[in-house]
Amino acid sequence: MNLSAKNITVTGRIADVSATLEPGKITAICGPNGAGKSTLLSCLGGLITPDNGYAELGGVPLSDMAPIERAKQIGFLPQNGEAAWDVAVRNLVALGRMPHRDAAREPVDAAITALDLEALQDRPISQLSGGEKARALLARVLAGQPEWILADEPLAALDLAHQLALIGHLRKQADAGTGVVIVLHDLALAMNHADRVVVLDKGSFAGQGAAEKMLSHAVISEVWKLDIDWLGESGSKALSIR
Amino acid sequence: MKRANMILLVLLALALPLSLLAGRVWLDFGVTPNAEVILAQLRLPRALLAIIVGAGLGAAGAAMQGYLRNPLADPGLFGIAPGAALGAVASFWFGYSASAWLLPIFALTGAAGAMALLALIAGRTGGIALFTLAGMMIASLAGAMMSLAISFAPNAFAMSEIVTWLMGALTDRSWREVYLAAPLTLAGILCFLMARRDLDALILGDAAARSMGMRPGVLQFWLIAGVGLTVGSGVAVAGIIGFVGLIVPHLVRPFTDRKPSALIIPSALAGALLVLVADSVVRILPTITELRLGIALSLIGAPFFLWLLLRMRRGYSGGLM
């Protein structure tokens, strides 16, 4: 089922943005600060009701879905995820079952295994490193077995190795058919790891397509006002700013 | 969690008979004159009321701390306790307090008024910040109106009654108060249990909780109803008894898995135990007049609060969070 934005306007943030996202792919939402990336992601996750337009999943507007039904299908990972209480990793991951109103063990075990958290599952969240915490928070989303994973800058606070590890986990999910949508600031990560890129500029839709096309010299020059070159081979490109 | 509940139940089962025997007169059946009457008409309703009020305040504290994601939150923040107190003060002011049911009914009306105002201001948007500020505003307004009532009390007797009642106590309570508070408190705790999943989801913040299907307006409904019923009925029968809702969840939290849902029942049991023991202690202290329960708990609670703040300032959160 496609996840789509239909002429979404959130006053003061984004205006008339339309985009269609496909399952089984990693889609990066890119744009300079203030472009409205997080707002678009929140609309796609059903967390913000647009002033105009709507988001829909498989042709059904999110606003017509009960929150619990939407939650079963769309897992959302907010920016700067912090736990208010120092719960154990396993209990944190098990929160992902909330939309299903069950305490099923298998999806929680599978999420813990998928993100290599077996050894840490009884540890309080406060005793995890930044990378481990990011994995635990993503595992919470996976435990809900959503068809879509929406993540707001999940790589922002991680070092390069942990960024690559986490994006590797997201790739596995996409390869298994889950739609993955991430807000990304790092254009090199978007270029190398995203299948599709949606570019926003000052709250407006600037384009959608393959990463090579949407992060070309011309687009980056126009949207980010930067004169750049891409160095290296496809899949391991580096950004060079002139 | 189940182990914590069992331990607390055993402690309650031990404390209850001791509480029934303890007081200015230590009951000794066969020796103490009218021991059966003292037990049935004074000690038993008073002990049960301590359990009911304590359970309500403890559960409300656990729910509030979960909702506000803050270990320093207290049910008083919602403004419902001051609203109930204002209702009771009004019954003294107008001279209705002598009638058996009117004082608690006035107090419950005050609690309901505060709940309605809170729901009206916070609206259906369900923002936590707006909700907290609205509660603080209601508490402040109710406090100011109580001060006004004391300042313009119709006579010295009414003023003295208001001030004494506000200190909170379980002295001379009867079965009537038990019958009033028990069903309301139970209903309030059930409201918190209805909110338990949403409170757990809030561990990860508002956005994550909403993405998991939490409906902020529904959660607020259960919390307003829960706090209104537990705290409102507690204030209606015992006056203001502070700090129980703040202290108890902290004492219990290390013995649970720290999720708000796991804290509600143990906090209710621990709150019941704390108020029962504190009320027994104030009865046997060799003071000329009985120390008011509200004052005793504040004397314990305020230093505890300061200790919490100091621990937080040092950056230690192991026991807190």
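Just so you know, the numbers here start at 1 and follow the chain as drawn.
Quick reminder: no glycine exception, Cβ is built from N, Cα and C everywhere.
Bear in mind that TrEMBL entries carry predicted annotations, made automatically and left uncurated.
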Need the matching range: TrEMBL marks transmembrane segment on one of B:46-64, B:198-216, and I'd like to know which. B:46-64
Near the transmembrane segment (B:46-64), which residues from the same chain, at least 6 beyond its ends, have a CB less than 8 A from one of its CBs? 12, 16, 19-20, 73-75, 77-78, 170-171, 173, 177-178, 181-182, 185, 188-189, 192, 195, 199, 223, 226-227, 229-231, 233-234, 237-238, 241, 244-249, 252, 260, 263-276, 278-280
Have the transmembrane segment (B:178-195) and the transmembrane segment (B:221-251) got at least three CB pairs under 8 Å, pairs 6 or more apart in sequence? yes
Would you kindly check B:128-146, B:221-251, B:263-285, B:291-310 and say which stretch has the most C-beta pairs under 8 angstroms to the transmembrane segment (B:101-121)? B:221-251
